[in-house]
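To start, the structure under review is shown below, and the notes come after it.
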């Protein structure tokens with residue numbers, strides 16, 4: 001499950017599964033032998049047990065019976081044991097007061113710089129002593145190198161999979177109790193010491209006796225359920241006090257409940273096994289993604305057996321390609337299926353030795369409802385296109401703003417806050433910076449943080465943090481937006497189609513610049529996960545990809561828009577051609593309306609778009625620059641003059657045979673479709689001229 005550290009020797013279990021297996025088990029079973037051999041690393045009592053072991057008195061009965069988070073029940077349990085609650089409050093208070101006191105003393109004595117590393121290490125140790133709830137919070141923070149100093153980052157990163165393990169004797173006894181068989185009947189080999197330890201449990205490497213498969217055996221840490229139950233109770237009390245004081249707009253109690261619900265699900269290893277099975281089914285087929293197999297027949301609520309994966313932690317290798325794979329997989333999780341990994345810290349990813357991205361630990365998962373997924377994509381779309389009025393409505397849809405919020409004031413505030421952030425283009429937008437900018441307006445307009453939102457945002461923020469550790473200039477939104485653009489252009493959701501229609505037709509005017517941007521971004525998905533460059537010129541590759549996309553079933557909605565606008569433009573082109581002969585010697589008169597001129601400019605942009613996007617961008621500026629000073633007929637002549645010549649259109653013709661058969665068949669239907677639309681427009685124009 002986790003990388004086997006080189007410093008951790010495997011005595012009874014060879015790391016290489018091709019090596020010969022020792023037929024005699026090298027561990028004692030308490031059922032067959034009263035002697036117990038404990039590894040040197042496990043002889044020391046871990047600090048969580050040492051400092052917070054008094055919580056175990058509850059773990060033996062009430063806490064272990066909590067199969068899921070239930071605040072009223074937890075509240076009732078601890079009301080019967082007020083001394084434990086008071087002792088925990090005193091422990092938390094004195095622990096943090098002690099550490100902050102040392103920091104203040106360092107500042108007073110002007111030795112902060114010298115003691116910085118020492119205090120970082122002390123903080124890590126104190127968090128471990130307090131238990132898994134605080135470790136989980138620190139793990140999230142440790143994945144953001146842009147938010148905390150490097151020394152603290154290094155220390156807190158150790159919490160991801162290098163926490164002091166608990167006794168192997170206790171772990172082996174738990175395995176036997178949970179699975180109902182002696183260890184030597186379950187495994188032919190098992191490591192005498194854990195190969196990794198985390199906040200909720202620790203992992204052993206083993207080989208199944210029946211099948212000989214190499215597996216990871218995760219065993220739950222004693223007392224975690226009691227500690228998390230009590231700590232979430234305390235956090236909820238604090239959230240309630242803040243709410244009563246009116247110091248926060250969000251329902252903090254609901255946020256704590258959402259987080260606690262996820263933690264309790266994470267402590268149920270049977271639930272984790274089912275999550276892993278579902279995750280493997282949905283995302284295991286993605287290129288270069290590996291999801292280990294779960295062995296549910298060997299798993300219980302406290303013991304989980306899964307396929308062993310060898311590799312290195314993602315933040316230990318400089319592999320930006322795998323980050324892109326992770327971004328694509330996260331896009332699928334959040335916006336395609338809505339079932340997402342809500343705890344993506346570096347310890348839960350591996351780079352396998354054959355270059356795949358392995359996902360580990362499926363305890364904390366989230367569900368993103370379809371209407372929220374669509375709302376999130378719409379918000380990204382409107383943000384990138386600076387449509388802040390629509391963005392304010394999106395925030396209502398997402399539950400961030402109450403429906404009664406003053407939309408015009410919110411729109412102005414969002415414009416002030418985000419205009420600067422997106423001025424450098426979508427590929428340079430920092431997700432972390434956006435969150436920081438958004439925070440400036442949250443209190444003023446009574447923004448709320450829905451319970452689901454905190455997990456989604458944390459997932460994206462942590463993913464960007466991992467990427468920044470590999471590439472400091474990496475922007476997760478810039479890498480995700482091409483997939484969002486493609487999804488918006490191809491999705492059958494009525495909500496997204498309506499949003500796209502409104503974006504492209506602003507007050508009835510077709511915004512081809514926005515379509516160009518969406519198409520350009522969506523085509524980046526074709527090469528995002530390609531390690532070897534595609535052979536061919538950049539313009540030819542772009543044209544081929546654009547045509548292939550437009551003439552597929554998925555591109556039907558965009559194709560309809562393009563055909564509609566192309567027919568308008570072709571109609572305007574015909575009128576302009578007729579005018580050039582009719583009025584060539586009779587002055588500046590023209591039958592072209594302003595709508596015809598707009599359609600003609602759009603026609604030029606469409607032709608240029610499919611014959612070379614760089615040309616479109618450079619030449620339209622010339623039309624715009626001189627258009628206002630020219631008569632309609634002169635401008636029409638200039639546009640017609642700048643249209644690509646037949647020779648310049650030859651690259652498109654050479655690409656057509658390379659398109660998929662499906663696209664070629666739809667292309668053959670194009671002339672008939674266009675003729676029908678042109679006849680309809682000509683008939684409608686004739687009727688208007690007769691009766692109007």
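Every residue, even glycine, has its Cβ placed from backbone N, Cα and C.
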Same ATP site per Swiss-Prot - residue from 213, 218 joining 195, 196, 197, 198, 199, 200, 201, 202, 203: 218
Residue 343 (active site, proton acceptor) and residue 197 (ATP binding site), distance between Cα atoms, whole Å: 16
Longest CA-CA distance among 195, 196, 197, 198, 199, 200, 201, 202, 203, 218, per record bound to ATP, angstrom: 15
Residue from 195, 201, 203 whose C-alpha is spatially nearest that of residue 343 (active site, proton acceptor), among the binding-site residues: 201
For the recorded positions 195, 199, 201, 203, 343, the one whose C-beta sees the most other C-beta atoms within 10 angstroms: 201
For residue 199 (ATP binding site): DSSP state (helix, strand, coil): coil
